[in-house]
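J.: Below is one structure. I have some questions about it.
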There are 2 protein chains.
Amino acid sequence: MSTFPTTLQHCQALDTVDALHPLRDLFDIPAGVIYLDGNSLGVMPKTAAARAAEVVTQEWGQGLIRSWNTAGWFSLPQRLGNRIAPLIGAGADEVVATDTTSINLFKVLSAALSIAAQDAPQRKLIVSERSNFPTDLYIAEGLCKERGYTLKLVEPEEIAAALTADVAVLMLTHVNYRTGAMHDMTAVTAAAHAAGALMVWDLAHSAGAVPVTLKASNADFSIGCGYKYLNGGPGAPAFVWVHPKHADRFWQPLSGWWGHAAPFAFTPDYQPAPGITRYLCGTQPIVSMSLLGCGLEGFEAADKLGGMAALRTKSLALTDLFIQLVEERCQGYGLGLATPRAHAQRGSQVCLTREHAVGGSGAFAIVQALIARGVIGDYRAGDGGIHKDILRFGFTPLYIGFEDVWNAVEHLRQVLETGEWQKPEFNQKHAVT
Amino acid sequence: MSTFPTTLQHCQALDTVDALHPLRDLFDIPAGVIYLDGNSLGVMPKTAAARAAEVVTQEWGQGLIRSWNTAGWFSLPQRLGNRIAPLIGAGADEVVATDTTSINLFKVLSAALSIAAQDAPQRKLIVSERSNFPTDLYIAEGLCKERGYTLKLVEPEEIAAALTADVAVLMLTHVNYRTGAMHDMTAVTAAAHAAGALMVWDLAHSAGAVPVTLKASNADFSIGCGYKYLNGGPGAPAFVWVHPKHADRFWQPLSGWWGHAAPFAFTPDYQPAPGITRYLCGTQPIVSMSLLGCGLEGFEAADKLGGMAALRTKSLALTDLFIQLVEERCQGYGLGLATPRAHAQRGSQVCLTREHAVGGSGAFAIVQALIARGVIGDYRAGDGGIHKDILRFGFTPLYIGFEDVWNAVEHLRQVLETGEWQKPEFNQKHAVT
């Protein structure tokens, strides 16, 4: 990487020749902000305001109850699912947008345990990563308690050895939220299957960020998030995919009327709809769900420019550049790299650690000082053990450019060089997401 | 009721003297529409469009991730819950707005069964009404299958006799969606408790429609809907209440991070938050949820005019008038009344049946013909047995007036007198909600 440009002018030139660069014009990015938190909440597509107005004033206000049919509200989960499918390597009619990531994980993990209980009742373990996103672990913990399973948490390098004969399900997040480390979906799925376990993938930090090959990798179940890289808006509904070979096999226990074979027959007994529709439950938040469609338009525009493959190439160039510039320009301040250097093991974010002789890592305060300068990343606390405090920076190739990377690193350098992060106002913790 | 006015002029005069009548100006009602379907989807408050624009363009677009704190997104479920609480007879910090009615029922029914399993493990029945809203029955059916319980469905008049020593939970919808019949919450709860069963109330057709006394009636668990009488918008988040004596006793199994005692500590093990917050699960759809706040403003405006008590008085006057006018002006067309005449047993809707010698009830086609005239009610199919086809008309006292009632009945009379409901276009069934 020694020939990579390292001046502002070089970065500007990279933007000029980047065929994807014009896609940023599809989004409203606040003036003065370099937004490196699209892995937590994506920015607003420019079409969102008009779409929200249309759904509220026309579809709700004027159409009222008729809009369930005339505006297609009732089929939104399936229609959005079919638009998400190509981003995650799923087929048509295999995905629905609905509910939240946590609730969808409950559904698929329930179904996976039901299959395991039937096919391999002696298997009583769910294996996951200790640094998996906590809500995944909480949902698994609850289901284990309900059904007499045990949740075994390991470090990433211990996963292979943990795939013993008593494992029912391996549940992993494809790209780790703390480190940006990415699993090899095909290899890990194959290892789980070779050990007789089912494979559940959380795509919260993958969908729209990296190419995903669920079906080609022969995964069993998957869920993901609508409001991160998919730019669906705050709390946008999540999505769920189930391999077609499993989809009709069990009900998931959240057996509400939207998953019924004939919801408007109003029969007292539950008859699950065929396929993925049975993973729906109750009436969906139509305004929020409609805005998810605006987020997906960005990817449909990118399709004409090479799609997810082109976005991935740019994403790696952005994260490579960020790593290089941090290492060149922020030396001597104790920063370390938590994200793998190998492209095959990296998602679309870069996470830094900080070693400091006194007063803790300073990671929280450095992030706050950057936010005050308009460079929005986020902070994730360590556990005092091997999981260190993290400065987290997401690079969304749809709207982040190479000059942004230069400027972000320049702000980081100044924050460290001036010591402004030590100001009291940057050291007062409050809830951050 | 013989002295009640029965002319258009009388109805107009009633609107003139109705102190609540000006509240309809808080809502956008489409021109030419008499909207009698607020029990399915409430109309749009006039503040909703501006609020949607603010949440989308300012809070999301400009505030981005910072809005979790600065715009108070993270506390929305609790803040909205505290605004719903007075409408349902709950105390402060006892209600959260979140997820869907179906999912919230899963949570509270799970918790109720956990309590029953500990306190009375020999009780293995859930009792409900056969004509309860089907999704409630589907959720209960799924949980019964999971936990080894049996769902026993009875007619309303059989409930008392069904409260045997093997009943763990009595689960009822307070106001029946098909008939508008309302249970006596205090008496039924007392009967359940006397029989040793826990009481779960679904308030889908009650919250914002009739006064509700959850805590005074000593109910155990309750859930309800945000998009019907609360006017929160299509698929607005639902709500959940748990009696404080139960709230800390069990986790509900949808143990996601929003219900954690310290969600941003990112600890791998689940520690439920105290109280009702543990009934939260995943990240909520903020745009849809924010609009629920607009719906609640109507009730806050009504508080200055007598609140739910005044709304209830008007609701009964509206439904009385509708029944009277239908019986006076639509004689001879086979219409019958499915809703109780006794005020104490009536919600805020009137449901009609129709007997006809040939060709079925015609109920579906009559409703379609009314909709074509701008009188929007809805149709619910019967089961061919004792549950007949239903023409359903909801009367939301916040925005329906007495002249609306007159005009609706006049349209119904004309549809029946002219036979226009027999036109082919009114007899083609499609999905209706």
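Any Cβ shown, glycine's included, is placed from N, Cα and C.
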J.: Given that TrEMBL annotates B:Thr101, B:Ser102, B:Phe133, B:Pro134, B:Thr135, B:Asp136, B:Thr173, B:Asp202, B:His205, B:Tyr227, B:Trp257 as binding pyridoxal 5'-phosphate, state which candidate in B:Thr150, B:Thr189, B:Thr277, B:Thr283 belongs to that site as well.
T.: B:Thr283
J.: Provide the list of recorded positions among B:Thr135, B:Thr173, B:His205, B:Lys228 whose C-beta sits under 8 Å from chain A at the C-beta level, in sequence order; use 'none' for an empty result.
T.: B:Thr135
J.: Using the residues the record lists for pyridoxal 5'-phosphate (B:Thr101, B:Ser102, B:Phe133, B:Pro134, B:Thr135, B:Asp136, B:Thr173, B:Asp202, B:His205, B:Tyr227, B:Trp257, B:Thr283), what whole-number Å value is the largest Cα to Cα distance?
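T.: Spelled out: the longest distance between any two Cα atoms in B:Thr101, B:Ser102, B:Phe133, B:Pro134, B:Thr135, B:Asp136, B:Thr173, B:Asp202, B:His205, B:Tyr227, B:Trp257, B:Thr283 is 30 Å.
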J.: Please classify the secondary structure at B:Lys228 (N6-(pyridoxal phosphate)lysine) using three-state DSSP.
T.: coil
J.: Of B:Thr101, B:Thr135, B:Thr173, which of the binding-site residues has the most Cβ neighbours inside 10 Å?
T.: B:Thr101
J.: Measure from the CA atom of B:Lys228 (N6-(pyridoxal phosphate)lysine) to the CA atom of B:Phe133 (pyridoxal 5'-phosphate binding site) and give the result in Å, rounded to a whole number.
T.: 14
J.: Expressed to the nearest Å, what is the distance separating B:Thr173 (pyridoxal 5'-phosphate binding site) and B:Lys228 (N6-(pyridoxal phosphate)lysine) at their Cα atoms?
T.: 14
J.: Which residues of the same chain, at least 6 positions away in sequence, have a Cβ lying under 8 Å from the Cβ of B:Trp257 (pyridoxal 5'-phosphate binding site)?
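T.: Once residues fewer than 6 apart are set aside, B:Trp257 (pyridoxal 5'-phosphate binding site) is near B:Pro263, B:Gly282.
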J.: Are there residues of the same chain, six or more positions away from B:His205 (pyridoxal 5'-phosphate binding site), whose CB falls under 8 angstroms from its CB, and which are they?
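T.: Non-local contacts for B:His205 (pyridoxal 5'-phosphate binding site): B:Asn39, B:Thr173, B:His174, B:Val175, B:Asn176, B:Tyr177, B:Gly180, B:Cys225, B:Lys228, B:Tyr229, B:Gly347, B:Ser348, B:Gln349.
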J.: Test of understanding: give the count of other CB atoms lying within 10 angstroms of the CB of B:Lys228 (N6-(pyridoxal phosphate)lysine).
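T.: So the number of other Cβ atoms within 10 Å of B:Lys228 (N6-(pyridoxal phosphate)lysine) is 28.
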